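Visitor: Provided herewith is a single structure, encoded as structure tokens, for subsequent inquiry.
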């Protein structure tokens with residue numbers, strides 16, 4: 001059993017105690033740890049951190065809302081703004097926000113580290129309010145595109161900051177559950193956009209109301225962050241120790257402050273002792289340089305150089321794993337399924353409105369189940385189940401696309417396979433990467449590494465949306481779904497070999513476990 005676990009976590013080697021150069025100091029610290037261990041026997045109350053997490057998930061709701069806000073009203077928008085029938089213009093209205101999201105995600109790490117998590121949320125809300133207002137009042141295509149671009153920058157900034165914040169303010173025993181709130185809020189945002197867009201065909205100009213509505217939760221996000229706790233991890237990194245203690249008291253309760261601060265202090269000393277001995281201080285400095293926005297563009301142009309360098313150095317390996325998880329998530333075909341779902345349901349005789357409801361229910365149901373199981377089964381198990389289920393779902397789609405099957409059986413397989421794919425995606429592949437990556441990234445580079453990984457997400461998302469229909473025409477659904485299913489199976493192998501379980505561990509325990517050997 002022990003040997004199996006060693007092989008399973010081959011990329012994550014923990015340094016043995018004999019490698020410490022200051023053993024006496026460690027012994028002293030262990031005495032202090034034992035004296036306050038009794039305070040950690042009982043978990044802190046989840047109710048203290050819950051309001052702060054709930055406020056942070058408003059950004060995820062906005063993310064989902066703006067992803068779906070133009071789906072139903074697009075025809076009305078094109079008629080009112082004079083580009084009806086121009087497929088290029090319609091595509092730009094939908095996809096311009098993706099370009100803004102890439103820009104926002106690239107700079108999210110530096111914003112979150114520079115001004116703090118709370119102000120980053122407020123900065124995220126600002127372009128969403130301004131952009132939605134421009135889109136709601138514009139009379140030209142250019143105005144609509146400008147508004148969508150501004151909204152996109154907020155969409156790109158919000159998800160990585162919310163993942164960081166929720167991870168850093170949540171008690172370890174409910175961190176997985178709280179992390180699932182982000183996915184649930186995104187689903188609710190998508191369904192909210194669908195619901196708000198229902199009257200668009202009956203009421204002239206209703207699409208403007210759809211944009212105006214989004215300014216309300218954005219304003220609530222900006223205001224609520226004035227009363228929320230700042231991340232104690234960020235405050236400690238800034239040297240604001242007293243403020244970090246005060247925020248821990250708000251989030252965990254006074255009885256748990258000393259233990260939480262000691263964990264941060266122990267990690268800080270461990271980083272200095274272990275990383276400087278193995279000359280990894282230099283490596284982390286190099287990593288921070290590689291995670292700058294300008295160099296990140298180089299990484300996208302020459303990814304093989306970046307990944308080869310990352311994989312050969314353990315401090316970089318977690319960034320490689322994070323980028324790979326987001327890449328596999330997008331290459332699994334989830335967005336292609338969303339793009340193509342209306343056509344599949346149409347062929348089955350299901351109206352598009354009802355089809356969107358079915359997909360939304362499958363997505364939300366899977367997200368709720370993930371919330372329940374995240375801290376019971378663990379992140380890795382859910383990822384394995386999720387990608388395995390997605391591979392099976394793609395197998396059903398391949399069978400349905402086969403010319404050997406005709407009639408209603410094909411439609412049932414196609415519709416059932418699609419809903420099963422969305423459901424199994426929402427169980428693990430959807431919510432887990434955004435939660436797992438802030439857990440495994442070292443605190444010094446956590447925000448910047450999340451920025452790069454989310455940028456990978458947006459780049460691949462863009463190209464999947466751009467090329468899917470063309471590939472579908474040239475390769476056919478059977479071969480294309482086979483490719484997606486193969487990617488899901490590759491993801492199962494990747495997760496099994498490279499992803500560690502973080503359930504129930506504090507961020508400090510995870511980071512120390514991932515520190516490289518000498």
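Placed from the backbone N, Cα and C atoms, the Cβ positions cover glycine too.
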Visitor: Which of these ranges is annotated transmembrane segment in TrEMBL: 249-269, 354-374?
Guide: 354-374
Visitor: Quick check on the annotations: TrEMBL lists transmembrane segment for one of 270-288, 289-307. Which range is it?
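Guide: Feature transmembrane segment in TrEMBL: residues 289-307.
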Visitor: At an 8 Å Cβ cut-off, counting only pairs 6 or more apart in sequence, do the transmembrane segment (178-197) and the transmembrane segment (412-437) clear the bar of 3 or more pairs?
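Guide: They do touch: at least three Cβ pairs between the two stretches lie under 8 Å.
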Visitor: For the transmembrane segment (48-68), I need the partner stretch with the highest count of C-beta pairs below 8 angstroms, choosing only from 209-227, 354-374, 381-400, 478-495.
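Guide: If we count Cβ pairs closer than 8 Å to the transmembrane segment (48-68), 209-227 scores highest.
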Visitor: Looking at the stretches 123-146, 209-227, 354-374, 449-472, which one shares the most CB pairs under 8 Å with the transmembrane segment (412-437)?
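Guide: Maximum Cβ contact count belongs to 354-374.
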Visitor: By Cβ distance under 8 Å, which residues at least 6 away from the ends of the transmembrane segment (449-472) in the same chain are close to it?
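Guide: Result: 95, 98-99, 101-102, 105-110, 156, 159-160, 163-164, 291, 296, 299-300, 318-319, 322-323, 325-327, 329-331, 333, 335-336, 339-340, 433, 437-438, 441, 480.
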Visitor: Calculate the per-residue pLDDT averaged over the domain 'Major facilitator superfamily (MFS) profile' (52-503) and state the result as an integer.
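Guide: Summarising the domain 'Major facilitator superfamily (MFS) profile' (52-503) by its mean pLDDT gives 83.
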